[in-house]
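In what follows, a single structure is set out as C-alpha cells and then discussed.
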Amino acid sequence: MTTPALLPLSGRRIPPLNLGPPSFPHHRATLRLSEKFILLLILSAFITLCFGAFFFLPDSSKHKRFDLGLEDVLIPHVDAGKGAKNPGVFLIHGPDEHRHREEEERLRNKIRADHEKALEEAKEKLRKSKEEIRAEIQTEKNKVVQEMKIKENKPLPPVPIPNLVGISGGDPEDNDIREKREKIKEMMKHAWDNYRTYGWGHNELRPIARKGHSTNIFGSSQMGATIVDALDTLYIMGLHDEFLDGQRWIEDNLDFSVNSEVSVFEVNIRFIGGLLAAYYLSGEEIFKIKAVQLAEKLLPAFNTPTGIPWAMVNLKSGVGRNWGWASAGSSILAEFGTLHMEFVHLSYLTGDLVYYKKVMHIRKLLQKMDRPNGLYPNYLNPRTGRWGQYHTSVGGLGDSFYEYLLKAWLMSDKTDHEARKMYDDAIEAIEKHLIKKSRGGLIFIGEWKNGHLEKKMGHLACFAGGMFALGADGSRTDKAGHYLELGAEIARTCHESYDRTALKLGPESFKFDGAVEAVAVRQAEKYYILRPEVIETYWYLWRFTHDPRYRQWGWEAALAIEKYCRVSGGFSGVKDVYSSTPTHDDVQQSFFLAETLKYLYLLFSGDDLLPLDHWVFNTEAHPLPVLHLANTTLSGNPAVR
C-alpha cells in the first residue's frame with residue numbers, strides 16, 4: 001500500500017537482457033586504419049606486460065619440496081645484515097637443479113608460443129569486417145544467456161503443498177449480493193484490459209495518457225508490477241484467460257538480472273508475495289522459480305553491520321542504501337519488519353533456511369532493544385543498531401510491522417508464540433499512548449512524535465481496524481470482545497472520513513483538532529489514490545461479525561470509485577476528495593488490482609472463498625496458506641526449537 005513522492009510507495013506494506021548488436025558506425029564496411037593501429041598498440045602493451053610479469057615475478061616452480069634422499073628442501077634466504085627471513089627468495093640445494101632449469105626454459109618457450117599465437121589471432125580479428133565481428137559477439141552473448149537460463153530454471157526441490165482450501169467458489173446465494181460481486185469483477189476486467197492494451201509490461205498504467213507508468217520503487221526497469229500484483233485477483237475471480245496472459249508474460253519477460261535499484265520492501269510484498277500466491281493457487285512451478293530468483297537478488301540488502309536490511313538494493317550489483325529523507329540514514333520499521341511471511345514461505349518451499357534466519361535475526365535484535373514507552377520508533381540505523389527519531393505510528397512507516405507480528409503467529413498455525421507476545425505487547429503500548437477518543441466520540445490512532453501525540457490519522461492506519469479484529473481471538477486475559485469492538489470503532493471512524501467528503505472517498509490523512517474531526521486540513525492530504533485499507537477493514541469485520549453495515553459501506557466506496565475514478569482508459573486517483581469536480585492524477589496503481597478490487601470482491605463473496613483459518617493475506621493482499629510447522633525447524637514453537 002503506497003505513499004506519494006519520494007516516500008516508499010507503501011507504508012504497509014525487467015526487461016530481457018540487452019542482446020542487441022554493439023554500436024558500430026553503419027556506413028563503414030571495415031574498421032578504420034587508425035582503429036587497427038590502436039588495437040595493435042594495446043595488444044603489444046599487453047604482451048610486453050605478460051613477458052615482464054613472467055621474468056620478474058617469483059618463480060613458483062621452485063617452491064616445491066623434493067624427496068630425493070639428500071634432504072633437498074626449500075631454504076629461506078637470510079639477510080645477514082638484519083637476521084630476518086625474506087620469504088620472497090629461496091635457494092634450492094641438491095643435484096636436480098639442472099632439471100629445474102630445463103623445465104623453466106620449457107615453460108618460457110611455451111608462453112612465448114602462446115603469446116605469438118594470441119597475437120596472430122588478434123591480427124586475424126582485425127582483418128574481419130564489422131559484420132563478422134558483430135556476429136561473433138552475438139554468438140558469445142547467446143551462449144552466456146543460454147547458460148544463465150539453464151542455471152535459473154534449475155528445478156527446486158519438491159515439497160508437500162499445504163492443504164489448500166477455498167481457492168474458488170464463494171458464490172453468494174442472494175441475487176443482489178451476486179450482482180454486486182459481478183460488478184466488482186467487471187471493474188477488475190476494465191482495469192486489466194486497459195493495462196493490457198496501453199501499459200503491458202510497464203509497472204503501472206496512466207489511464208488518461210494511455211501509456212505505461214512507473215515510480216522510483218521499481219527502479220528503472222519495466223518489471224510488469226501490475227501483472228504480478230494482479231495475478232491472484234484474476235485467479236480467484238475466475239478470469240483464467242487473463243491469468244494465462246500474465247503467466248506467459250512472466251515466463252517470457254520477467255527478468256531480475258537488471259541494473260536497477262528497487263525498494264526491498266515493495267518488491268517483496270508485491271512481487272515475491274504475488275508470485276508465491278499465484279504459485280499456491282495455480283500450482284504453476286514458474287511462479288515459485290521466479291519468486292526464488294528475486295529473493296536471491298534481495299539477500300545482499302542484508303549485508304549491513306546489524307543485519308537490518310537497506311531500504312533499496314541494486315538487483316545487479318547488490319549494492320544497498322537507504323532513503324535520503326530517512327532519519328539519520330535509518331531503515332524503516334514497516335519495511336524491514338514486513339518480510340517475515342514471504343521469507344518463511346521461501347524457506348519452506350526451497351528447504352534453504354537462509355531466508356528464515358534473516359527475518360528471525362531481525363526479530364531477535366528488536367527484542368533486545370529498549371523501546372520508549374513500549375513503543376517501536378519508525379527509524380532504526382542499520383550501521384549502529386540505534387533508533388533514529390522517536391516517531392511511532394500505526395500508519396505509514398510503522399503499520400505493517402505490527403500486522404506481520406500477528407500474521408506470523410497465524411501463519412504458523414498459532415505456534416509462533418514469540419510473535420504473538422511481541423504483537424500483544426506492542427498493541428497494549430499503542431492502545432495506552434496512541435489510541436484516543438475525539439470530542440465527537442470517534443476513536444482514532446494518533447502518531448507519537450518526540451513525546452507528543454499528533455492528533456492525525458492516515459488512510460494507511462485504517463487497516464488497523466481489520467488487524468484488531470483478526471487478532472481478537474487469542475488475545476490476552478480474554479480481551480477478544482474488546483479488540484473486536486475496537487476494530488469496529490476504527491472502521492466507523494474511517495467510514496466517517498469517507499462520508500465527510502464530497503466524493504465519498506477518503507483523504508490521505510485527517511485530523512482531530514478542536515471542531516475539525518475526520519477531515520483533511522492541508523491540501524496535500526486531500527487526495528485519494530485508489531487505496532484499499534478502509535475496504536480491507538470492512539471485509540475483515542464482515543467476516544467476523546456479518547454485520548450488514550460493512551457490505552453497505554463497501555458498496556458506497558465501490559460506487560464512488562466507479563463514478564469518480566473510472567475513466568475510459570482504466571481507473572485513476574483523484575487530487576481532492578472535497579471537490580465535486582475532481583482532477584485525476586492519471587495513475588492506476590498496481591495495488592488497486594491487487595488489493596482494493598480483491599477485498600471488494602471478497603466482501604461480496606461467501607466465507608468459503610479463502611477462509612481465514614487456512615489463508616493469511618500479506619500486506620499487499622496476496623493470500624498465503626497457513627503452514628503446519630509443528631515438525632519443521634521453521635516453527636516458532638519453543639518446544640520444537
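Just so you know, glycine gets a Cβ as well, placed from its N, Cα and C.
Bear in mind that TrEMBL entries carry predicted annotations, made automatically and left uncurated.
What you are looking at is a predicted structure, and each value in this text was computed from that prediction instead of being measured.
Take the candidates Cys494, Cys565; TrEMBL pairs Cys462 in a disulfide bond with Cys494. Here the active-site residues are Glu266, Asp399, Glu508, Glu533; the one with the fewest Cβ atoms within 10 Å of its Cβ is Glu508. Nearest neighbour of Asp399 (active site) by Cα distance, taken over the recorded positions Glu266, Cys494, Glu508, Thr619: Thr619. Sequence-distant neighbours of Cys494 (disulfide bond) (same chain, 6+ apart, CB under 8 A from its CB) are His459, Cys462, Gly465, Gly506, Glu533, Val534, Thr537. In this structure, the CA atom of Glu266 (active site, proton donor) is 10 Å away from the CA atom of Thr619 (Ca(2+) binding site). Residue counts for the region 'Disordered' (153-175) under DSSP, helix first, then strand, then coil, are 1 helix, 0 strand, 22 coil.
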